[in-house]
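> Dropping a structure here in structure tokens format, bear with me for questions.
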Amino acid sequence: MDPSELLVIGDLIGVAVFAASGASAGVAKRLDMFGVVFVGFVAALGGGIFRDLVIDTAPLAFTDWRYPVTAAVASLLTFRFHPQLDKLRKSVLLLDAAGLALFTVTGTLKGLHAPLPAVGACLIGMLSAIGGGLGRDLLTAEIPAVLRHEIYALAALIGAVAVAGLVWLNLDSLPTLVGAAVIVFAIRVVALRRKWSAPVPRVG
Amino acid sequence: MDPSELLVIGDLIGVAVFAASGASAGVAKRLDMFGVVFVGFVAALGGGIFRDLVIDTAPLAFTDWRYPVTAAVASLLTFRFHPQLDKLRKSVLLLDAAGLALFTVTGTLKGLHAPLPAVGACLIGMLSAIGGGLGRDLLTAEIPAVLRHEIYALAALIGAVAVAGLVWLNLDSLPTLVGAAVIVFAIRVVALRRKWSAPVPRVG
Amino acid sequence: MDPSELLVIGDLIGVAVFAASGASAGVAKRLDMFGVVFVGFVAALGGGIFRDLVIDTAPLAFTDWRYPVTAAVASLLTFRFHPQLDKLRKSVLLLDAAGLALFTVTGTLKGLHAPLPAVGACLIGMLSAIGGGLGRDLLTAEIPAVLRHEIYALAALIGAVAVAGLVWLNLDSLPTLVGAAVIVFAIRVVALRRKWSAPVPRVG
């Protein structure tokens, strides 16, 4: 299996996991089947659509059928089996951290190859990783979770900076990029376990 | 009158109807005149703007003055005459179904001609039909109606698949495409009358 | 200092001010530090990103590092010093009016040079000036302030029409364009002082 195939497989796992997170949010809001699938679709593909619009390529969500179909199937499975999924919450959080890690790395690389300068590529890498979750929360009328109380976007941003640094140093190879993804994953998982949070404003 | 003129006229009717639906939502939220027009504008043109960004053409809302002007006039009329409009609610729902049907067909065709593959074109056709309503509900801080309890997006999706099928079979002519629009319209109207709904999640 | 440098400096002042307004909204919602910076980023750069997607150029927010860095620094300062900022509320409103004026002029000019026709350029000029505030309010789950009770978007629209008129008459030079910006600023400031509002719907 060549690296680009691995990348697609990893990407689709991320899509499935984010779709499940979106569909779960839809179920919690008592949306109908279509609504659940739609929120799943946005959570899985929204970040990538925004990324592709910014770097001016046709969004993969519309040009590669495997992306929307994966999102739809994962959302439908969530719709059907959500009580059982609840018991898997811990695994879902781990998979979500994996999706975050993967989308950060692929998004930053796509930004750098656009080519965007490093700051822009890091931003778009982070946004492609967190954008789906933002869309999910907007659709379900919640203040986005990522803006509130967790080290989530920060993990993505650190990973994006790592990727940009590797590319700048000409050290971007499959193992080092996997390393950057592992950093994102590790920060996210440790933050979950230790309940790390970013600082909140002082009461004025 | 040639077919493309008919298409534009139909398109502008859809714009007017969706603008009225958006403006009504704005009136219900006690927005000021500008807010009412703005929500009308988003409801009428938001789906098409998203579609055009995805297929990488300049959005009609900004390149053809008839589109924003139609949306603004319909919104202002709604702002001025909304108590009377309430009595026309039934006609508005029928016109809204007509707009849904039309935007589905034109959106799917534009997607196929971009060219997007069939799955992507169907998605973008559906999204261009429901996107304005989503934007309307986001602006007025509601969970989008389309995600909740009605056969609305599903009607659009069925119509989009029908259009893609006709094009694939080389059977896309004005009469068959009108047929696809009629299918969307009929499903939507019957769903309204019979209060059909998509399934909701089982209580876990 | 040549005019284009002046323009960038003015633009960055607008970015800083809008970032501070977004970050203040984030602080008010008790978001964490990342959330505050993110809402500041969206408020400062969201309108311009939308504008650049419509006119199909790479968004400045991702191609010129000075834009996101200015937004981030202004947001962090707001996060750190927000109680003191409250005392500066009046100055912030004046600076916000200045940002509105500036983004209207630059947005309309960029639209005309895209080239969009005049109606589209005016719309995109107005949207690039108000879009960030819309994004800020969507993220913090508020019905956008601009849609409710103030002469804000209307000031931008009048300025956009003035800019389009100047370009049409071949009278667009630095002094006349500054004049258009001053009109926007003056309308906004007088509206604030006199508590002018657009009409609201009659109770039906």
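The backbone N, Cα and C atoms fix where each Cβ goes, and this holds for glycine too.
The domain 'Glycine transporter' annotation in TrEMBL covers C:10-82, C:94-166. Marked as transmembrane segment by TrEMBL: C:6-27, C:34-53, C:118-139, C:151-168, C:174-192.
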> Determine which residues of the chain contact the transmembrane segment (C:34-53) at the Cβ level, with the cut-off under 8 Å and only residues 6 or more beyond its ends counted.
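Residues 14-16, 18-23, 25-27, 59-62, 67-68, 70-72, 74-76, 78-79, 103, 107, 110-111, 124, 127-136, 139-140.
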> Which numbers of helix, strand and coil residues does DSSP report for the domain 'Glycine transporter' (C:10-82)?
62 helix, 0 strand, 11 coil
> What are the helix, strand and coil residue counts for the domain 'Glycine transporter' (C:94-166) according to DSSP?
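The counts are 59 helix, 0 strand, 14 coil.
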